[in-house]
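Asks: Summarising the annotation, TrEMBL assigns transmembrane segment to 25-48, 60-79, 99-120, 140-158, 207-226, 238-260, 272-292. The domain 'G-protein coupled receptors family 1 profile' annotation in TrEMBL covers 41-290.
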Amino acid sequence: MKPGNWSQVTEFIILGFPHLHGVQAFLFLLLLLIYLTTVLGNLLIFLVVCLDFRLHTPMYLLVSILSLLELGYTAATTPKMLSNLLSETKTISFSGCLLQIYFFHSLGATECYLLTAMAYDRYLAICQPLHYPTRMTPALCVKIAVGCWLGGLAGPVAEISLVSHLPFCGPNRIQHIFCDFPPVLSLACTDTSINVLVDFVINSCKILATFLLILSSYVQITCTVLRIPSAAGKKKAFSTCASHLTVVLIFYGSILFMYVRLKKSYSLDYDRALAVVYSVLTPFLNPFIYSLRNKEIKEAVRRQLKRMGILE
């Protein structure tokens, strides 16, 4: 299409869940409950780790940073989803859409890096326990966390820059529950092969590389644990990894199928279901996975509640 034949789209309409129009109020209440639980649960873990000096170890410091990250990760998409469920227009500005994509992907990339750092922490603790105190120091833990954040925030800059220069001349209806690269690229009125390729390469490198590093860590952890003579020792070693491994499987299980693929066409209902898993359910489940399966965090929560006079 020639440049003079199109008018620039200034806002998009996010269709959300069009097939569930009759239960919008129920979806709003359900999503609101999940969001509030996600915020309270992750905020609780973050504050408990910060306030309880017994949890000031690399493993729990990384857990607290993950909880803080989840607060921003869900804030990037869920409030807008909630407002769209009650609104008739369901619009978002072009710049607002790009900002939502940027923060969602940058915080998602940060989570990939942070989960990898947590796997490395478990690898050192189990496979090299004698060197663990000298290698995984608080200073190194802080440097790793800062590196994860900086790497994540820089990640989607190239993709966002390419999308911002695309012409959008209509339609402006995003067939998704929030702004994301694949549904937005499908609305551009020009060839987006370069965008799709760049998106595929960046996501493949980022997601596959971190997943393979995590997998490599757990292969070595498993080999080390299997050499432990006592059953009690094996159980204790595996229990320290169970929560992290559960989060990894849920998170990567959905984003691998969503983003590591080289094509523009996609199943709308399939992508909406996956988006709910990695944008809503994973941050919601994290506090339960880490608190319900972790005795030290549960004890720390009880100590803080007693200190506040809520429990006797």
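Note that Cβ sites are derived from N, Cα and C of the backbone, with glycine treated the same way.
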Asks: Below 8 angstroms Cβ to Cβ, which residues of this chain, lying six or more residues outside the transmembrane segment (60-79), approach it?
Replies: 31, 35, 38-39, 42-43, 45-46, 49-50, 100, 103-104, 107-108, 110-111, 114-115, 117-118, 121, 138, 141, 144-145, 148, 177-178, 279-280, 283, 286-287, 290, 296-297
Asks: Spell out yes or no: are there three or more C-beta pairs under 8 angstroms between the transmembrane segment (207-226) and the transmembrane segment (99-120), with each pair 6 or more apart in sequence?
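Replies: In this chain the transmembrane segment (207-226) contacts the transmembrane segment (99-120) - 3 or more Cβ pairs sit under 8 Å.
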Asks: Hey, which bits of the same chain come close to the transmembrane segment (99-120), Cβ under 8 Å, at least six residues off its ends?
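Replies: Non-local partners: 59, 62-63, 65-66, 69-70, 72-73, 76-77, 80, 92, 144-145, 147-149, 151-157, 159-160, 163, 178-181, 184, 206-207, 210-211, 213-214, 217-218, 244, 247-248, 251, 255, 278-279.
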Asks: Under 8 Å between C-beta atoms and at least six residues away from its ends: which parts of the chain pack against the transmembrane segment (238-260)?
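Replies: For the transmembrane segment (238-260), the far contacts come to 59, 108, 111, 115, 118-119, 122, 125-126, 199-200, 203-204, 207-208, 211, 214, 218, 221, 225, 271, 274-275, 277-278, 281-282, 285-286, 289-290, 293-294.
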